[in-house]
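Report on one structure; see the data block that follows.
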């Protein structure tokens with residue numbers, strides 16, 4: 001018996017990466033801006049997204065959402081209150097969304113009839129960072145109740161994100177939350193990242209966030225998406 | 001928990017690659033795992049023994065090569081290796097850098113297989 005070595009040099013998640021590349025090509029073809037929202041459970045992604053969808057619809061934009069949870073379709077029902085088309089992805093125990101789930105749940109939607117698609121990931125700050133969903137922009141959310149050092153504890157996901165949003169700012173004082181420290185920690189693991197601080201419930205900071213989305217969605221900003229696509233999402237081998 | 005699904009991807013990719021090369025018993029699989037890949041070494045090793053049972057990878061060794069985070073520092077005009085993953089600053093000049101060069105790898109580098117001599121390809 002003799003041995004030999006096969007040089008594979010292949011990404012472990014190559015199947016997901018390939019599906020994500022196909023999705024990204026479809027999104028670009030349809031001129032559809034896609035954002036992937038990641039955070040811990042309980043950060044307030046659903047409330048933040050519901051207010052975002054409602055406001056964007058008032059601006060005349062055609063928006064939709066896919067929402068991932070281990071069980072129940074409670075979040076989809078909450079998001080539907082915005083009037084936007086919403087589909088629930090129930091993962092039955094799987095701790096993240098993958099590109100295959102996105103592809104299956106987009107079936108029947110005419111992507112060219114949409115302007116912005118939001119994907120609300122399963123609440124988890126570890127596993128979703130490995131799975132490219134074909135998004136142009138990854139948004140990492142952090143609530144004031146979680147502590148300022150969350151980005152230092154979970155550097156992988158914050159480093160993989162393009163934008164950070166600090167949520168529940170209306171209760172920041174009660175939580176003795178230090179915004180400056182939190183922002184410094186975010187920048188420690190992802191220098192230069194754009195950060196928004198909001199209270200979706202009270203509407204605080206939402207205008208800046210919406211202005212950012214409108215700017216991203218405009219045709220002249222498409223190059224920003226292209227840069228994000230090429231750089232952040234690529235798994236370097 | 002996603003380490004197990006990652007290991008199943010490894011088993012599936014390696015099984016197919018070995019079959020494409022004419023088959024053989026797998027002796028070892030070498031993975032490159034970045035410091036920011038979000039997977040845990042012990043969980044990978046634990047899942048490997050379980051997931052390889054009944055496959056050409058059964059009894060093989062999983063070798064894990066750790067890949068540190070590297071950034072490009074524009075002040076020093078060179079790539080630098082970070083000691084940890086909590087601070088994306090140049091270890092030499094202390095300047096923050098978002099110019100990320102490596103550290104998120106999760107790749108199958110190579111596979112060592114035992115081939116019966118009769119099936120060996122000519123050199």
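From the backbone N, Cα and C atoms, a Cβ is placed for every residue, glycine too.
What TrEMBL says about this protein:
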type    : residues               : note
BINDING : B:2                    : Ni(2+) binding site
BINDING : B:73, B:76, B:90, B:93 : Zn(2+) binding site
Residues near residue B:90 (Zn(2+) binding site) in space but at least six apart in sequence (CB under 8 A): B:71, B:73, B:75, B:76, B:80, B:96, B:97
Residue B:93 (Zn(2+) binding site) and the residue listed as 'Ni(2+) binding site', distance between Cα atoms, whole Å: 37
For residue B:73 (Zn(2+) binding site), the three-state class that DSSP assigns: strand
B:73, B:76, B:90, B:93 excluded, remaining Cβ within 8 Å of their centroid (Zn(2+)): B:74, B:75, B:78, B:80, B:91, B:92, B:94, B:95, B:97
Site with most surrounding Cβ atoms, counting all protein chains shown within 10 Å, from the binding-site residues B:73, B:76, B:93: B:73
Filtered binding-site residues - B:76, B:90, B:93 - keeping only those with Cβ under 8 Å from chain A: none
Mapped DSSP class for residue B:93 (Zn(2+) binding site), helix or strand or coil: coil
Assigned conformation of the residue listed as 'Ni(2+) binding site' - DSSP reduced to three states: helix
